[in-house]
Amino acid sequence: MSHAIAVLPGDGIGPEITAPTLELLNELGDFTFSEHPFGGASIDAHGTALTDETLDACRASDSVLLAAVGGPKWDTTDPSAPRPEQGLLGLRKELGLFANLRPVRPVPALYDSSALKREVLDGTDLLVVRELTGGIYFGEKTRTDTDASDLCHYTVAEVDRIARVAFDAARKRRNLVHSVDKANVLETSRQWRQVVHEVHGADFGDVELRDQLVDSCAMELIARPTQFDVIVTENLFGDILSDAAAMLSGSLGMLPSASVGNPDGPGLFEPVHGSAPDIAGQGVANPLAMFLSAAMMLRHGLDLEAEATAIETAVDGALADGLRTKDLGGDATTAQALDAVRGRLS
Ligand code: NAI
Ligand code: MG
C-alpha cells in the first residue's frame, strides 16, 4: 500500500532540505508525494499563506511533511498583509493537532557541541509531549490601564486526550511517563493530575506514571536528563521545558518535531528550525532535522517503526563517520549529507 504524503517545502532552505528527504524516504518504502505551495511561496502565488487547495490536499493525505516558512521578503509592519506564519497556525488548527511531540536524543558524536557534560548527556533519550491548543495561551485575556489578566483554562476532555497521546507514546518507548504540573498551587494542575491518573488507571496500567512539579522538572532536566522517557505537560510549561530540553542536543539543525492528535486525520511533521534565509540557495543547509522529522512521520503518522529507526540509526552512523555540515562546524554540503545517511541505511 502506498502512503500518501502531502509535502510542503515552504520557503528559504525548505525546498533544499525537502528534496533529499523525499529521496531518502523512497529508499525505505512506497510513498506518493504531492507538493503544495505554503507560507511565503503561497503568498507569492495566491496571496494567502494557506490556500483551500493546500488544506484539502493535507486533509486527504496520510501525513503532512513540512520544511519551514518565512523570510525577510514577507516581513511587514502592515497588520493587514498576509504572513507566512499564519499558514502554520491555520494548518495546525484546521487539522485538529493538539499534541506537540519533541524528542530529545543527543547524538554521541555531537556531545562536544553541547553545553552539558558528556556524563550527564550519555543515555539521554526523552520525548516532551506538550498540549498545544489549550491553557493560558488560549484563555480569556483582559487589559485596562492598571491591570491585565490571562486565564488558564482546561477541560477534562482536553487533559484526557493529551494524557492518552503520552501513554501511547511511552508504550513505544520505555514505558515511563512523567506528568508535569504545579498542583501545589494551581487548580488547573490539581485537576490535570487527577485526570491523568484516571486515564492511567482505566487504560494504561502497564505504563509507569510519576507526577512532578514543573520547577523541579526544569532542574532535573538539566541535572539528570537520563531519568526521563516521556514528559507530558500543559501548553505554557511545555513551551518552556521543550526549549530547555532541546538545548541538551546542541544544534538547531538536528531537532525534529511532530504535531498530532486527530485520530481521523493526518499529523504534521517538521523540523524545529526556521527557513534560514541567511544560507538559503547555497546548498549547505543541514537536512538532518528534516530527515529525523520524516522518521517521526514514519513512527507516529504511519506506524512504520522499523523504517523510522533505520533513519535515526543511519543519521547517528553518518555523524559517527564524521559528517559535519556548516552549522556543525564542518564543510559538508546538503547533497553530501544525503549521501552519507543513505550510505548508512543498509
Ligand atoms: P532559523 O531557524 O531559520 O535560523 C537560525 C539560525 O540557524 C540561522 O543562522 C540559520 O542559518 C541556522 N539554521 C537553521 N536551520 C538550519 C539548518 N537546517 N542547517 C543549517 N543552519 C540552520 O531562525 P530565524 O533566523 O530566527 O528565522 C528565519 C525565518 O524562519 C523567519 O522568517 C522566521 O519567522 C521563520 N521561522 C519559521 C519556523 C517554521 O517554519 N516552523 C520556525 C522558526 C522560524
Ligand atoms: Mg517556543
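Numbering starts at 1 and runs along the chain as it is shown here.
The backbone N, Cα and C atoms fix where each Cβ goes, and this holds for glycine too.
Positions annotated as substrate binding site by TrEMBL: Arg92, Arg102, Arg130, Asp215. The Mg(2+) binding site feature in TrEMBL is assigned to Asp215, Asp239, Asp243. Among the features that TrEMBL reports, NAD(+) binding site is placed at Gly274, Ser275, Ala276, Pro277, Asp278, Ile279, Ala280, Gly281, Gln282, Gly283, Val284, Ala285, Asn286. As annotated by TrEMBL, domain 'Isopropylmalate dehydrogenase-like' applies to 4-341. Feature annotation from TrEMBL assigns site 'Important for catalysis' to Tyr137, Lys182.
The number of other Cβ atoms within 10 Å of the Cβ belonging to Lys182 (site 'Important for catalysis'), over all protein chains shown, comes to 18. If you take the Cα of Arg130 (substrate binding site) and the Cα of Asp239 (Mg(2+) binding site), they are about 7 angstrom apart, rounded to a whole number. Secondary structure at Asp243 (Mg(2+) binding site), taken from DSSP and collapsed to helix, strand or coil, is helix. Binding residues for NAD(+) (Gly274, Ser275, Ala276, Pro277, Asp278, Ile279, Ala280, Gly281, Gln282, Gly283, Val284, Ala285, Asn286) extend across at most 16 Å, taking the greatest CA-CA distance. Close contacts with ligand 1, defined as a Cβ under 6 Å from any of its atoms, occur at Gly274, Asp278 among the recorded positions Arg92, Arg130, Tyr137, Gly274, Asp278. Lys182 (site 'Important for catalysis') sits 43 Å from Val284 (NAD(+) binding site), taking the CA atoms of both as reference points. Maximum intra-site Cα distance, substrate binding residues Arg92, Arg102, Arg130, Asp215: 29 Å. Ligand 2 lies within reach of Asp239, Asp243 from the binding-site residues Asp239, Asp243, Gly274, Asp278, Gln282, Val284, judged by a C-beta closer than 6 angstroms to any of its atoms. A sphere of 10 angstroms centred on the C-beta of Val284 (NAD(+) binding site) encloses 21 other C-beta atoms.
Cα spacing between Ala276 (NAD(+) binding site) and Arg102 (substrate binding site): 20 Å, rounded to the nearest whole number. Listed in sequence order, Leu132, Thr133, Ser259, Leu268 are the same-chain residues six or more apart from Arg92 (substrate binding site) with CB atoms under 8 A from its CB.
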